């Protein structure tokens, strides 16, 4: 009787909790996303306008004030002088802003490849199809949900590590490390599925892949495509590269089920490994280091 008196309210509480999760929990999950969105909206009002855009529109004093706010007198003077020299040099060229000719086209293709490669390296299928991936590895529902939480935590932690390393190790080095690291991880992950090595081995490889991606390809791609395009064409070129990135994300997301059905998990991850290998070779031959250089220095070097 005592056991029943204790168990009955516990069971009732569990039933209420399950009912709440089914009927209300998903609503709170979506509402929770409004919190960072509101914070981001408020912080947007604190972000200054791009000083290079201001200078290009003849608002030189406003551009200088932004640089002063960012780094002080010396930093402002150096950057204003660099922008002025680049503007004077480009004015004499009277060049067209045609992105589809000459050196601008080569830079656009480079930036577009990097943007598409960031998605087609395949890591986002782990986030989008975590349930299928962990279920195929032999995990139960509770284990699968716990693993999804772990992947999110690892993603956040190593993103901050990437932010720390990008100006210390360099963009090119991180991109090469990321593509090579994912290649090795995908080959091993495919082997795990091929030889039915389930459980902890798959989880560790998945976490390693997320860690490598989060501190390399994920953040560094955005840094590179913001740096390699000339100031006069940066807005248009970045718009094209960013659009291609999200189109590639769409293609990746909707082709994974087809690949998984026809090639199996092993074949699919080996395919992504092949993409990473090709990406490594391309980046090794085409991508130059931009660490420690101003946008004007990068522009002169890439167009020189």
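Backbone N, Cα and C atoms are what each Cβ position is placed from, and that goes for glycine too.
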In TrEMBL, which of the ranges 74-94, 263-283 has the transmembrane segment annotation?
-> 263-283
May I ask for the residues of the chain that lie six or more residues beyond the transmembrane segment (139-166) and have a Cβ under 8 Å from a Cβ within it?
-> 126-127, 130-131, 174, 198-199, 203, 206-207, 210-212, 214-216, 218-220, 223, 291
The predicted model's mean pLDDT over the domain 'Major facilitator superfamily (MFS) profile' (1-291) is 85
